[in-house]
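Comments concern the structure below.
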Amino acid sequence: MRRTLLSVNLNKIALVRNAREGNWPDPVYFGRIALEAGAAGLTVHPRPDERHVRASDVPALAELVRQYPGREYNIEGNPFHNLMDHLRAVRPHQATFVPDATDQITSDHGFDLSDEAECARLKPLIDEAKALGCRVSLFMDPVPEMMAKAKELGADRVELYTEAWAVAAETPAAEGVLAAYASSVEAAIEAGLEVNAGHDLSLTNLAQFLRATKDVAEVSIGHALTAEALEFGMAETVRRYEAILDEVARC
Ligand SMILES: CC(=O)[C@@H](O)[C@H](O)COP(=O)(O)O
Ligand SMILES: NCC(=O)COP(=O)(O)O
């Protein structure tokens with residue numbers, strides 16, 4: 001089975017940093033710990049209100065990732081808001097388009113690609129991001145029927161929004177929810193896309209998700225990982241994720 005890669009999302013390190021003046025905890029410092037512990041990449045979601053990751057963090061983290069050949073930088077955001085400026089400035093390995101409104105507490109839905117007007121607005125931005133050298137991933141709900149359209153628009157990957165899995169894990173609904181994700185992964189791959197996944201994944205729910213979906217290229221994890229790092233430390237937490245990814249890939 002494909003060995004899924006881990007991209008550590010640093011949003012919540014930045015959130016704690018913003019609680020005081022100064023730059024501590026420094027997202028770059030913790031990004032380096034994550035990379036040194038084996039993470040394949042770093043992710044940030046620089047929201048327009050800078051509630052956590054600030055515009056100034058974006059190039060600083062780009063410089064850090066450049067010091068680790070082979071690791072990747074993934075910048076998430078709404079391409080109709082501030083994301084494209086960040087892509088033009090630092091040309092990350094991957095751009096993840098997320099349809100968040102500026103006042104959303106967190107990401108809570110994927111793109112609705114049945115909306116032709118939305119697709120017409122997205123297409124030129126996908127083209128521009130790819131022309132900048134970024135792999136483009138669209139944040140999507142696990143709806144198999146939407147995957148072919150993502151490919152048609154020029155996306156390289158989709159990122160499946162996994163909050164529904166996190167809620168269902170350890171409940172009687174788990175198997176049914178996993179089946180919807182597995183069908184979405186299958187449909188995406190059949191359409192010629194690769195598949196990422198993220199949102200509310202954790203040390204406790206990750207393995208079952210990956211075993212059921214089988215071919216996920218990358219998971220990006222931040223909220224739970226940061227909470228787990230409060231208990232185990234950042235390096236040990238990343239090592240625990242990497243051990244899960246190794247174990248699942250051996251099955
Ligand atoms: C797209 C997604 O699900 C997350 O990557 C997002 O970055 C979470 O944003 P917050 O960290 O602001 O909750
Ligand atoms: N794209 C998902 C991500 O980067 C992190 O989401 P979360 O683990 O903070 O929920």
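The backbone N, Cα and C atoms fix where each Cβ goes, glycine too.
Listed by TrEMBL as binding 1-deoxy-D-xylulose 5-phosphate are ARG47, HIS52; the candidate from THR96, THR106, THR162 that the record includes in that site is THR106. Among the recorded positions ARG47, GLU76, GLU159, HIS199, the ones whose Cα sits within 10 Å of the Cα of GLY222 (3-amino-2-oxopropyl phosphate binding site) are HIS199.
Using a 10 Å Cα-Cα cut-off around GLU76 (active site, proton acceptor), the recorded positions ARG20, HIS45, ARG47, THR106, HIS223 reduce to HIS45, ARG47. The C-beta environment of HIS223 (3-amino-2-oxopropyl phosphate binding site), restricted to residues of the same chain at least 6 apart in sequence and closer than 8 Å, consists of ASN9, ASN11, LYS12, ASP200. The 1-deoxy-D-xylulose 5-phosphate site is defined by ARG47, HIS52, THR106, and by the 8 Å test on Cβ atoms against their centroid, the other residues of the chain that qualify are ASN11, LEU15, HIS45, ARG51, VAL53, ILE105. Checked against ligand 2, the binding-site residues ARG20, ARG47, HIS52, THR106 give no residue with a Cβ under 6 Å from it.
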